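Here's what TrEMBL has on this protein:
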DOMAIN    A:70-285  domain 'ABC transmembrane type-1'
TRANSMEM  A:12-38  transmembrane segment
TRANSMEM  A:70-93  transmembrane segment
TRANSMEM  A:105-126  transmembrane segment
TRANSMEM  A:159-180  transmembrane segment
TRANSMEM  A:210-229  transmembrane segment
TRANSMEM  A:264-284  transmembrane segment
Amino acid sequence: MQKVLSNKLAIFLFVFPGILLFALTFLAPIVLSFYYSFTDTLGPGTKLTMIGFENYKQLLLHDSRFWRSLLNAVLLGLGFIILQHPVCILFAILLDRLGGKAEKIFRTIFFIPCVISVVVISRMWLNLMDPSFGMVNKLLDIVGLSSWKHAWLGDTSTALISLLFILIWSGFGWGLLFYYSGIKGIPEDLYEAAHLDGASGIKLHWKITVPLLSPVIAVQVTLAMITALKQMETVFLTTNGGPGDATQFLGVYLYNKAFSASQYGYANAIAILFIIVCLVATYLSNRFIPSENA
Amino acid sequence: MNMKITYRKVNLITTFVLMVGILAACGSDNTKEDSQSTGNKENKSVTLRLFSNQPDRKSGQGLAEQMVVDNYMKENPNVKIEVEAVGDEPFRNKQKAYMASNEPIDITMVHSGADLNTLIQAKFVTELNPKDYEGQNYNFFDGAFKSFTFDGKLYGLPRNSDYEIIYYNKKLFSDNGVKVPTTFNELIDAAKTFRSKDITPMSTNGKELWTFGLLFQDFAQRVNGDPNAILDAVDQKKSFTEDDSFLQTAKLMKQFMDVKMFQDAYMTADYGSSQNLFTQGKAAMWYMGSWEAGMASNEKLSADFRNNLGVMRVPLVEDGKGKATDLLAWNGGGYALTTSSIHPEEAKKFFDYMMRADQWAKAAWDTGAAVPAQKYQLTGKESEVQKQLTDILNNGTSMPGASFIDFGTPGFKDDVQNALGKFFAGTATSEQLIADFQAAAAKQKK
């Protein structure tokens, strides 16, 4: 067996199917996309004219909708990092300290949004935020804040923030789960030692839990940025990028350009820039967020 | 030693053969199995695939379509027709995916204009001979092929005469003492009265944006009295910005927003939810097309609603040049044969059968699903709504024959819809809307 594995031909044969699969499902589409991005084709199978960097020029210099989509994605990413993750860490710590049956129950409750289908979540929030029969406005009525009532997803001034809220809410369980398992991996004796040294409360967690969670935080920040950039389904199912372009995201914009506007070449140029933006975001978050154990 | 080398070789060859086998199995083509022909030549059984945008097969146009399919299968027991039906928005996108992958569907519903143009450029739909569809068997109205003809070649047949009207709830109007509006100002007054009584004046599907395009075109026609003006502007024979009637129209649209004509969350409402609001009696009016005539006979809707369903013409603009009878009419939906069909001859036989005046047109009219694009016989059992619709069509004047958002490229449509989205969301002014229209039209002509 060892001899088979030391044979280069054998190694090649074993690795080849994996590489082939990777090449066909990842590299080939990217290469094809790259090729299409230099054309003005309406869709696969239609007339194809090479137009050089025209699509990229249009996108980068004249397409405010593209920049709006990117800005919204970055805002969502920041929303994840600044709002969602600290709350996730806080709840993970509280959950860990809770112990017993209650810990299990709450763990399940917090994870429920993650097992609900995106379609159901989108529909549910569309209904909850509906201005005429939605529960959000009804609650505002009950607590005497009728003046705050709003067409939450239908008004340009509140659509983005409402959508960010839905996305942060629906992704909360995943963040919590990661941090929770990270906290479970911190040895209890570290806390005991810190207690003996006089640390307690917030200080204890600030000095012990958070630094020891830094590898998890680093991965989570990267994932949050990527998730934000890739956001598509919930937006598509709730606002489809509207009203106006208030909630336009790269995924939805790309999809609509490719399939509704039949600007397939242009959509592929968006896809290529999309890949580049994702790679840069990953690089930056890996570069600037320390992931080593303190 | 020799033995060892042989053993190693056998091992390697076996591994390689296994991998090739696995990969080959992954790539096996099973698409043809779905619509395979079996049996002998005389009576071979054939499965045809019809791709439709009518998922409700029990009422409206879906029912009419299914009736024709069932009739054909009864007369041709060797033919089985599989219907794949999804709602209109997913339908449009899935159709593009089918076009890209050359999916072997046989007959497909098509949207005329920009969408059909893309299918033609991808060589996904078959050219038809217009002579095949002349005469008593078909009885198409004059000009019905306009939006299905490109460079003088016909690629599909229309299924309906589409025109925009306002459906309204008679009870809500009479209970609140509101006069059925015949002019723009009366429509605005009606909206104010309904709003003061906490009733949504008009429901619309703002999320999908195309209704705004039709609404704009409808009122532009009433302002300038020329149904072709907007189509000429799309073609850049004239400019959107230089013809003042378009800016005037945009200002009328702005008034709709100022009096809160539409439901509060109109920008997130899709077709279904806007229709529900109206059919549940929560909105007094619904600006939609003649293809919704089936509401009057749809038993899923409450009897109270059906009995109170009325149809009105789009109101006249007081100082405009248009006439009350001007109609925004065109042929939007239809059917086409695909080039990817595995049984093109059988598919054409069914297609020709389906489009006969005594099949689709009759089924659509008898079920009250739509107003056909072919001459149809009145049965005497028509609903009040159908009678009104026939009257509006027969007396219609100045019909443009095309919806302006579909009169250009798909890219133009996207740009125009985006401009409408910004305008109706309140983030663009009337002047900006018209400037955006002009930019979109100029861009597609480049």
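Glycine residues also receive a Cβ, built from the backbone N, Cα and C atoms like all the rest.
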Folded-back contacts onto the transmembrane segment (A:105-126), same chain, C-beta under 8 angstroms, at least six residues removed: 91, 95, 98, 153, 166, 169-174, 176-177, 180, 233-234, 237-238
Contact set, same chain, for the transmembrane segment (A:210-229): CB under 8 Å, 6 or more residues outside the stretch: 73-74, 76-77, 79-81, 84-85, 89, 171, 175, 178-179, 182-183, 186, 190, 250, 274, 277-278, 281-282, 285-286, 289-294
Distal contacts, the transmembrane segment (A:264-284) - CB-CB under 8 A, six or more residues away: 30, 33-34, 36-44, 46, 51, 55-56, 58-60, 66, 70, 77, 222, 225-226, 229-230, 250, 253-255, 257-258
Tertiary contacts of the transmembrane segment (A:159-180), as residues 6+ beyond its ends and Cβ separation under 8 Å: 72, 75-76, 79-80, 83-85, 87-89, 91-92, 95-96, 107, 110-114, 116, 118, 121-122, 125, 129, 152-153, 213, 216, 219-220, 224, 227, 231, 234-235, 238-239, 242-243, 246-247
Long-range neighbours of the transmembrane segment (A:70-93), counting only residues six or more past its ends (CB under 8 A): 110, 160, 164, 167-168, 171-172, 175-176, 178-180, 182-183, 205, 209-210, 213, 217, 220-221, 224-225, 227-229, 231, 247-250, 277, 281
